[in-house]
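Taken straight from TrEMBL:
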- 32-58: transmembrane segment (TRANSMEM)
- 129-148: transmembrane segment (TRANSMEM)
- 160-181: transmembrane segment (TRANSMEM)
- 187-205: transmembrane segment (TRANSMEM)
- 237-255: transmembrane segment (TRANSMEM)
- 261-282: transmembrane segment (TRANSMEM)
Amino acid sequence: MVRKQDRRAVHPGDSTRFPAQLARLLAGAKQLWTVLLYSSAYLSVVTVVEVGIAMVVLSLPPSPAPAVVGLLTFAVYANDRIADADDDARDKPGQVAFVRRHENALYVAAAVAYGLAVSLAMLGGPLALALALLPGAFWVLYASDWLPRLGAGLRRLKDILVVNTAVVALAWSVSLTFLPLAFADRGVTPTVVVVFAYFFLRSFVDAELPNVSDRAGDADAGVRTLPVVVGLRGTRYVLYAVDVATAAVFAYAVAAGYLSVAVALALGAGLAYSLAVTSVLARYADRAWLTVAPELEYVVAGAALSVVALA
């Protein structure tokens, strides 16, 4: 028996259909990433991962805490992008153009996100609500002109060397550590202190590394960051010191029994990634990816921690 062959007509356009579809898909993905990057929405995803890390390490039950912190992150940083559009025009022209084009939409989205975050935080009680309001209060002190208007000699916290980065690190480390704790109605333990120290030190690095590519605009605006004051080499050494301090926290926590070796190694994977990023900051100082790369430390740490949790 002779099997009949399926003979189908081949149209000239068939050979180009897949490349065209792939090109459209890639263009759509690029456009989506542009929105996530310039609107700060990608940071919301990262903070959700960070809260997840805290909840796993502290053995906390599921709660709305990741959603609350993610929404707060978007609200705060979207407003920050709008407020700093003039200062960022030199170093981030693409972001500034996006922000100015969609300023009204960003304002509305940020307001809605903040309202949702506060509403969800109320489910966790007064302490959770207070912690949810904290990042916004810190942002007013950090980036707005409220302090300078109080009197001569006062400056925005954002303009003061080290204080600017420390304020950002403190605001987020408090929220990342204690908001899920408030939802779970748990008290402070030595492990909680370790987690807080971890987030504070890592947030310091994450907040300072993007200043490398912003150094020209920051200098023009009078914002004193490490790259502006001590240069790229000095910044790298300071961040190395913070990384060493993080490793010391891990070592102490393991020795004292506050962290298991497996958890410390998982978090250490993220630290190793951060060290790699810091080591090349001078070489790639003007690359846009240097703003995003530090945040991926938590993706690395979260993935490693997931493996530990499932093992």
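Cβ from N, Cα, C; glycine included.
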Task: Stretch contact, the transmembrane segment (32-58) with the transmembrane segment (187-205), Cβ-Cβ under 8 Å, 3+ pairs - done: yes
With the cut-off at Cβ under 8 Å and a gap of six or more residues from its ends, the chain residues touching the transmembrane segment (187-205) are 50, 54, 57-58, 165-166, 168-170, 172-174, 176-178, 181, 239, 242-243, 245-246, 249-250, 252-253, 256, 258-259, 267, 270-271, 274, 278, 294, 297-298
